[in-house]
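Taken from Swiss-Prot as is:
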{"type": "TRANSMEM", "residues": "1-21", "note": "transmembrane segment"}
{"type": "TOPO_DOM", "residues": "22-48", "note": "topological domain 'Cytoplasmic'"}
{"type": "TRANSMEM", "residues": "49-69", "note": "transmembrane segment"}
{"type": "TOPO_DOM", "residues": "70-80", "note": "topological domain 'Extracellular'"}
{"type": "TRANSMEM", "residues": "81-101", "note": "transmembrane segment"}
{"type": "TOPO_DOM", "residues": "102-131", "note": "topological domain 'Cytoplasmic'"}
{"type": "TRANSMEM", "residues": "132-152", "note": "transmembrane segment"}
{"type": "TOPO_DOM", "residues": "153-177", "note": "topological domain 'Extracellular'"}
Amino acid sequence: MVLRIVASLLSIAALVLMAKDKQVVYLNLAGEELTLEAKHSYVEAFVYLVYSNGLVAIYCFLLVFALVFRLIDKAGCGKSAAWIIFLLDQGLAYVLLAAAAASTEVAYVAKRGNNKVGWSEVCSTFGHFCNLVGVSIVITFISVLAMATLSVMSARRLFKTYGPERKQISSNDAPAI
C-alpha cells in the first residue's frame, strides 16, 4: 500500500511540475519586440504525460482508498479482483512508460535540435521551461519504476490465487520416517 501512495505522489508531483511549467521570452529582432511562450499544452507528448500521470495518481489513490476501507479485502482478494488489479497495474505502467518515453524524445529534440530536418534547439531560449520538463520526466520514470514493481507484486498475488491449496499438517499427519 505504501508503494501505491509513493507512485501516486510521484505522479502528482510530475503532473503539477509539467502542468504549471510556462516561460515567456521577449526577443528583439531587427527592432521588433517578439514575445515567445512555451508551455506544456503546446506539445502533445507533454499533454499525454500530464494525463497519464493524472490517471496513475487517481488509480493508485482509489485503490489505496478501497484497501483502507476494506472495499477490497487485501488478504482474501478473489481471482477476479486480483485479475483486475493486475491488468490495471500492467496497463497503467505501460501507459506511463510510453508517455515518459515520448516526452523524453521531445525534450531531447528541444535540447539538441535535429540538423537532418532543420530543427534548431530551443532550450537555450527556454532554459527554465526545459529544466522543469526534465525534472518532470525524471519523476515520471521513477513513478514508472514504482508501477512496474506494483505490477510484479500484483502478478505474484494473482498467481498465488492459482496455487495449490495449503493445508496445515498436524503431527499426526506427518509421514513416518
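Placement of Cβ uses the backbone N, Cα and C atoms for every residue, glycine included.
Note that the structure is a prediction, hence the values are computed from the model and not measured.
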Taking residues 6+ outside the transmembrane segment (132-152), which of them lie with a CB under 8 Å of any CB in it? 3-4, 6-7, 10-11, 13-15, 17-18, 21, 40, 46, 49, 52-53, 56, 86, 89-90, 92-93, 96-97, 99-100, 103-104, 107, 110
With the cut-off at Cβ under 8 Å and a gap of six or more residues from its ends, the chain residues touching the transmembrane segment (81-101) are 11, 45, 48-49, 51-53, 55-56, 59, 63, 72, 137, 140-141, 143-144, 147-148, 150-151, 154-155, 157-158, 161
Tertiary contacts of the topological domain 'Cytoplasmic' (22-48), as residues 6+ beyond its ends and Cβ separation under 8 Å: 98-99, 102-103, 105-106, 122, 125-126, 128-129, 133
Give the nonlocal contacts of the topological domain 'Cytoplasmic' (102-131) in its own chain as ranges (CB under 8 Å, at least six residues past its ends). 21-23, 25, 27, 36, 38-39, 43, 45-46, 48-49, 137, 140
Would you mind giving the whole-number mean pLDDT across the topological domain 'Extracellular' (153-177)? 70
